[in-house]
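K.L.:
As annotated in TrEMBL:
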DOMAIN    14-175  domain 'CMP/dCMP-type deaminase'
BINDING   His96, Cys122, Cys125  Zn(2+) binding site
ACT_SITE  Glu98  active site, proton donor
Amino acid sequence: MDTDSNRKRQRYLTWDQYFMAVALVSAERSKDPVTQVGACIVNADNRIVGACIVNADNRIVGIGYNGMPNGCSDDDMPWGKNSKDILNTKKLYVCHAEMNAIVNKICADIRGCKMYVTLYPCNNCAKIIIQSGIKHVVYFDDKNRHKDEAKASQYMFDKAGITIRKYNSTSTQLNIGTLKSRL
Ligand SMILES: Nc1ccn([C@H]2C[C@H](O)[C@@H](COP(=O)(O)O)O2)c(=O)n1
Ligand SMILES: [Zn+2]
């Protein structure tokens with residue numbers, strides 16, 4: 001008997017890799033020509049419902065990417081950000097990935113959940129994350145970290161007891177970038 005065939009596969013995705021990959025793939029749906037962001041919300045806690053402990057670990061309960069509001073045609077909306085007229089920029093219109101993941105949630109209650117997001121959350125998304133009851137955030141990229149919006153997010157997350165950490169790509173066996181290039 002070939003004993004090798006009885007062994008489980010070794011190079012499978014970790015949960016962190018799996019959920020961040022979902023967020024990264026979701027970002028590819030974005031029409032934003034400059035920055036594409038994806039977010040994935042995961043059930044991360046066993047919860048007490050009535051007399052039972054519901055094992056709700058590691059189920060995806062919301063996905064989103066940055067885009068224009070429903071009903072506002074992508075072709076009619078401005079996608080630039082440098083016009084003198086702010087009404088002619090995306091800034092006032094785009095729904096951020098984090099917000100979309102939260103409003104797209106498929107369960108009534110996302111308290112205690114974890115969000116995987118490809119970019120550090122802005123202050124407005126931080127507020128929505130906090131109000132939704134999400135308790136943990138994992139982000140992929142922090143290129144916007146120097147901005148006041150991100151500093152305000154950090155301040156609010158600290159105050160609200162939300163943990164936020166950078167996705168650790170060095171400690172993992174599989175590079176998500178290579179997954180993307182295989183598509
Ligand atoms: N955490 C974030 C940060 C930004 N976004 C979206 C909003 C815009 O569509 C785009 C940022 O555009 P840029 O200023 O880089 O041209 O990313 C988001 O969804 N989540
Ligand atoms: Zn935001």
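Each Cβ is built from the backbone N, Cα and C atoms, and glycine gets one as well.
Given the structure is predicted, the values throughout are model-derived calculations rather than measurements.
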K.L.:
How many other Cβ atoms sit within 10 Å of the Cβ of Cys122 (Zn(2+) binding site)?
P.N.:
20
K.L.:
Which number gives the other C-beta atoms within 10 angstroms of the C-beta of the residue listed as 'active site, proton donor', all protein chains shown included?
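P.N.:
Result for the residue listed as 'active site, proton donor': 30 other Cβ atoms within 10 Å.
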K.L.:
Round to a whole number and give the Cα-to-Cα distance in Å for the pair Glu98 (active site, proton donor) and Cys125 (Zn(2+) binding site).
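P.N.:
Glu98 (active site, proton donor) and Cys125 (Zn(2+) binding site) have their Cα atoms 6 Å apart.
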K.L.:
What is the average pLDDT across the domain 'CMP/dCMP-type deaminase' (14-175)?
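P.N.:
Mean model confidence (pLDDT) across the domain 'CMP/dCMP-type deaminase' (14-175) is 93.
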K.L.:
A 10 Å Cβ contact count, applied to the binding-site residues His96, Cys125: which residue has the minimum?
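P.N.:
Comparing Cβ neighbours within 10 Å for the binding-site residues His96, Cys125, His96 has the fewest.
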